[in-house]
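Have a look at the structure below before the remarks.
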């Protein structure tokens, strides 16, 4: 096929463009398509008229594409700089939000800080939980913006320049084009590598700390369970006729201890005065309501409970059982003494139960065998299905008096953690600003189109007359270049062939680790939780009910790191899957040039080249991936989260202790596991698609791309016209 002559106006650069002459370019193009595999040079469209070309090229067509590109890319708002500037603006907005919140809370509290902890909200626990959910949703939106902006700039910094590609090929090695790459860091400038590393390291505090800047402080009331009669409630003596295996001294000590919780009715209905002189309101409730009030291990709106029975309570000898602490994890459990127990099942009851959230948070006193085993309220033997028949102390219950306690849950703010997040955010912004200023004339080959245009403008002699494929460069000599001729192969290759086997293996290995971990956590988190999905959903995301707290007390920093470890793992998994998808989409874009002539998609278009607002993953895939990433991180933040527990004394209702631990949400863990499986399944499904047959699979390998980009001599404008 012959190309019609085209007249170009040529400005002689040697004479400073002072004269021009007309020349006639004649080109010939081979019509032999049977050797596509051996000679797959991407060529320009046959014929274009001068007027149309001059109109679309936006410059003189006779200028070399490289000179035109250099002039265009040196403009500040062009090419990759637009995306980097948008990323910088986004990071600065997040920085401003974080700094504004920090200063607002700090100035509001002044010097009155509780261990560098401020309070954003204090009040009703349900409202606190809802606010916590929304705050973490916003935090994860901001975190996703930071992750995406940082990932964009890191990919720009690691993208090789033309000079770096020539140097690498001269050393008989290849680089990645269009994908996130650690390999390229060995071959790019040290300053760019340092900026890349700073962006990477500044992400660690965000992954490990950001979701714990704001956390819930749950109120947990200590309370006593006092089984008694109306006679004692109105000032009478305690009925000890039901005591078994208890000598007089032990009986006297029990009576003295119970008198500590004696209350006296005041003139105000429903109000009582305790032995400390505090006036407290009590609710008189039926048996079923009494049982349900103490469903949670940590109770925030109720306190001491007086179980009013018809007759004397059957009490066993407390000395048969004692509370012991495990050295390994610090948890508490009941141990049986070594000497024999009475024949009447002495293990079933203890004289008086005190909820001690600091040591042994439990609602198991409602079951007969609570000191000997875990309480299963669904067990008909332990708790009757008809709650009105409930008899925890072997005597019928008339009613219960439950102390009303005002809920004071808090949404708190950690200033040291927030400061670390702000500093990390600032480092990211500074790195992006330096990238824009120091490398404003930087010409990286970011997209596949950038690399094709470069090799068409300046064909690489190292890969001339060689047919490269991704498989060959990832074979036995994956770190070096070699020359292998390859025959034409009409086989349609799978998309999964574009990424290397190592990338597939590492990505799905981490995914399997996360899924196994998530499945185990989901199974363990269901202990003590309702099995009905509707009831489980009502537990909520990231909410603390007392039943969903880890039985451990840790430091604040320890709890923060524990709660955010899944965030770091999920961030790495997201980046790994992003790189995997990017590899496959780069392969798809490469294969799209086989059957149809199309202009190159580049970061700085000239001629008929196409501008691009995305790097290598199309918007229709990139946007859902970013949304999934945000939802993923939010679900992770609701699956395992930091919780502070403020323990209130059972008599004074003053703070007696502080606990730092982690809470978990079974439903969020399950949803996180399901979403992760969808993300991983999407990779497998897309990997089963096939590229067009007959096109060598270049992947992101610079050598394979270069080998296919050797236009005929004199064809200097191939890159700025549609190619095939």
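Cβ atoms are placed via backbone N, Cα and C, with glycine included.
What TrEMBL says about a protein is an automatic prediction, not a curated fact.
From the options 386-412, 413-439, 440-466, 467-493, the stretch TrEMBL describes as transmembrane segment is 413-439. Looking at 619-643, 694-718, the range tied to transmembrane segment in TrEMBL is 619-643. Between the stretches 58-81, 82-105, 106-129, 130-153, TrEMBL puts its transmembrane segment entry on 82-105. Ranges compared are 352-376, 502-526, 527-551, and TrEMBL records transmembrane segment for 502-526. Feature transmembrane segment, per TrEMBL, maps to range 663-686 of the set 591-614, 663-686. Residues 133, 136-137, 139-141, 143-144, 147-148, 211-212, 215-218, 518, 521, 541-542, 544, 549, 556, 559-560, 562-563, 566-567, 570-571, 574, 577-578, 581, 585, 613, 660-665, 668-669, 671-672, 675-676, 678-679 of the same chain sit 6 or more residues outside the transmembrane segment (619-643) yet have a Cβ under 8 Å from a Cβ within it. Confidence annotation: the domain 'DUF6536' (80-233) carries a mean pLDDT of 84 in the model.
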